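So the structure is just underneath, and the comments pick up after that.
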């Protein structure tokens, strides 16, 4: 008998709870990521830090009228400007970060919780408005993405019902994943590479980091002061982000659903008598659509 409220399963049924294993696997995955990132990035960070210190020393040697304290104060001014969304490159004729197109893009990053971090409200009124705007906008965005996901899910099930031959459900799912990958992950980096001057790898990195709502802010479209962008460039990018979020959220939900089912199949072995009964019942019932995309 069970003495705890947790779903521990009896040994004679060869079933155990996979929840502790999932927790351990999650923690192990975080530890693995920390070790790999440390291995890959720490040495490069040390190199860049040393290089930056050398550049400051060279600058002081070339301009003897400055001392280290004055240089550090100027660096602080540059950092504060960057934190306020002002690009230190270029001059005062740079396009505004708060014209309508850029403001529309910023509003999209707020409600989608991407939050690049390269731009934020600097006035008290703007900060207060941002709080309440996100308070209502984030649930609205989730509801919109949920409905959009349901529409895609219903479309996939309709496609499945049109096809009567066994095994075609997997084909439809493969088409959905392939088309979405091309539309949201493969082709956009080509556009960003052309417009922003990034490499394809950098464009692909930006695309995935954005659509997954990680949003580091190290790469953001439409921020290079040396380039002239069309006025609707960032607005169109915001629209692409919204539909890309819906597609990638479906993919993530499918992956989570498959992972849960794998763990259940891996660790939960049902009674043979129950399995035989279920098999008989399935043979008597008509075939149901096998595509399942959680909304």
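One is the number of the first residue shown, and numbering goes on along the chain from there.
Glycine residues also receive a Cβ, built from the backbone N, Cα and C atoms like all the rest.
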- Which listed span TrEMBL calls transmembrane segment, if the choices are 102-123, 124-145: 124-145
- Query: In TrEMBL, which of the ranges 1-20, 21-40 has the transmembrane segment annotation?
  - Reply: 21-40
- From 146-164, 203-221, the residue range that TrEMBL assigns the feature transmembrane segment: 203-221
